[in-house]
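Engineer: So that we are looking at the same thing, I have put the structure below in structure tokens.
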Amino acid sequence: MTFEPTEKQQHGTPLDKDQDVSRSPPPNTHQEESGWSDHTPWKESEKTLEAFATADDGRDASSETDGSKGAAEELSVLHRPRPGSRQNTAPISVAAAPFTSYSCDLEQPKSHGSTRSTAHPRRASASSSRSTLSHVPSNLANASRQSTDPYGNTYPEGGREAWLCVFGSFCGLVASLGVMNTLGTYQAYLSTHQLRDYDESTIGWIFGIYAFLSFFFGIQIGPVFDAKGPRYLVLAGSILLLAAILLLGICEEYYQFLLTIGVMGGLGTSLIFTPAIAAVGHFFLRKRGQATGLAAAGGSLGGIVFPLTLQALFPKIGWAWSTRVVALVDLVLLIFANLFIKSRLPPRKATKENILPDFRIFRDPVFALTTAGTFFVEWGLFVPLTYLSSYALSHGISTAFSYQIIAILNVGSCFGRYFPGIVADRIGRFNSMIITITMCLITTLAFWLPANGSMALIIVYALVFGFASGSGISLTPVCVGQLCRVENYGRYYATCYTLVSFGSLTGIPIAGQLVTRTGGQYWGLIVFTSCSYAASCIMYTAARVAGAGWEFKKAY
């Protein structure tokens, strides 16, 4: 089926052919009109299958005559059928067929002027060699769920391999982001035990470096993933993360915690986190928000399980064995991650264009504004994750509940990573991101700032903020993936988070310094978090306007 594109998105400056041509679709790309806005970055491909009607008696007779040139020419041209004729002029068509093994008459383009098959019953013919539904491969029965992007890439939108990849990503993110979402528990314990002689800002640098490296190394990991796939990246990350958690149990000095949690743990998390998120985008386009949100919910689940596990084990078996239990759980999860996280794209040669990052993609204003917005999201996100437990302890709340508050926040985040993804697939990814960022801003000012140690307000804030902030991990890669080709998804996503990593590096220490400067009060830290989300809302709104204009109802 042949279509003329109604509108082509032109963001940024196209790169070299072998490097990145994601901003300019190929000239032969055809899109299909749909009920969505023109700014929606995909048009779901119509997958139809029509069986040829059996030729009429005159055609059957002519097919049995070997020497008739005129009859052969008549067979090669589809004429308009006479009234009452059973002849079918519409060839079988599968638009943008995703599998080359079906290349035959099934993939021939259908003319706009062709007529549909007649509704009359088909007459059996022994001499007919035309395909019928009974001869079609059963795999085509699932073709209706497939989708095609403006560049001609097809996505299965489901199937066993796709959902196993989502499951593997889920397990990998439970292990990696679960540790990241447990930073508040580690910070609260270390500040009252091994590192009790250090101030909040100094301790905060440990977790700031961890968060920084978790995103920073993506600048190289993303292009390597695009070129070579996730297999060796996830394996190396699994080894480093498990080693860091095991060594954490024997650390005593500040520099030891800095090297194990900050450096080794950060690098291991980055090697797992980037491929786990990017691999999901190879299998889904129309449902990418939902699938990515489901995988990213693993990080929130880990943020529920690990704090509660550590809280229960610290008084019973101590620090060292508690961390080893976490390492054992991570070992099981990372086995599944290594088995199921995979790429659909064939590996490419390790050339300079395929492996090295390229900052020319920031010439695209939409991508640049999206990166700036994500920077401010992460600048504010890690502050509650790290200091909410310490805030509760400073207001006389029990130690047990102070550890549980991080788990409560991650309960909200678990739902917030999945359900906004479903909504985003319907109303637009950038629109959904703006809504959730606004919710983070409002809840911080309305619940946390006036809480003053109120347990009820702290619980409400943890749940609502957790739900709203969950989209920071699940929707950001979907927004970035909307701006590039799937072949360059890892590069775009990793380059974005490389700059974002500097926000993660500085946000936690700045918040700790604000607590010190305000005499142990937390209002300065809360205002800093609110300002970060306000700036992020402005940046994402600007990106949405640059990409889709001011019309409110456009899905973008």
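Positions of Cβ are set from backbone N, Cα and C atoms, glycine also.
Copied straight from TrEMBL:
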COMPBIAS  1-21  compositional bias 'Basic and acidic residues'
COMPBIAS  40-49  compositional bias 'Basic and acidic residues'
COMPBIAS  114-134  compositional bias 'Low complexity'
COMPBIAS  135-151  compositional bias 'Polar residues'
DOMAIN    164-556  domain 'Major facilitator superfamily (MFS) profile'
REGION    1-90  region 'Disordered'
REGION    105-152  region 'Disordered'
TRANSMEM  162-183  transmembrane segment
TRANSMEM  203-225  transmembrane segment
TRANSMEM  232-250  transmembrane segment
TRANSMEM  256-285  transmembrane segment
TRANSMEM  292-313  transmembrane segment
TRANSMEM  319-341  transmembrane segment
TRANSMEM  361-381  transmembrane segment
TRANSMEM  401-418  transmembrane segment
TRANSMEM  430-449  transmembrane segment
TRANSMEM  455-480  transmembrane segment
TRANSMEM  492-516  transmembrane segment
TRANSMEM  522-543  transmembrane segment
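I'd like to know what surrounds each of these features in this structure.
Structural biologist: Looking just at the domain 'Major facilitator superfamily (MFS) profile' (164-556), the mean pLDDT is 87.
Tertiary neighbourhood of the transmembrane segment (203-225): same-chain residues 176, 180, 183, 186-187, 190-191, 195, 233, 254, 257-258, 261-263, 265-267, 269-271, 273-275, 278-279, 343, 354-357, 378, 382, 386, 490-495, 497-498, 500-502, 504-509, 511-512, selected by CB-CB distance under 8 Å and a gap of 6+ residues from either end.
Outside the transmembrane segment (232-250), and at least 6 residues removed from its termini, the chain residues within Cβ reach (under 8 Å) are 172, 175-176, 179, 221, 224-225, 257, 260-261, 264-265, 267-276, 319-324, 326-327, 330-331, 334, 337-338, 341.
Remote same-chain partners of the transmembrane segment (256-285), defined as residues 6 or more beyond its termini with a Cβ less than 8 Å from a stretch Cβ, comprise 42, 147-149, 153, 155-159, 161-162, 165-166, 168-169, 172-173, 175-177, 179-180, 186, 190, 194-195, 205-207, 209-218, 221-222, 225, 230, 233-234, 236-245, 247-248, 291-292, 295-296, 334, 337, 341-345, 473, 477-478, 481, 486, 489-490, 493-494, 497.
Using a Cβ-Cβ cut-off under 8 Å and counting only residues 6 or more beyond its ends in the same chain, the transmembrane segment (319-341) has close neighbours at 164-165, 167-169, 171-172, 174-175, 178-179, 189, 193-194, 230-231, 234-235, 238, 241-242, 245-246, 248-250, 272, 275-276, 279, 305-306, 309-310, 313.
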Engineer: Test the contact criterion for the transmembrane segment (492-516) and the transmembrane segment (522-543): 3 or more CB pairs under 8 Å, pairs 6 or more apart in sequence, then answer yes or no.
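Structural biologist: Yes, the stretches contact each other.
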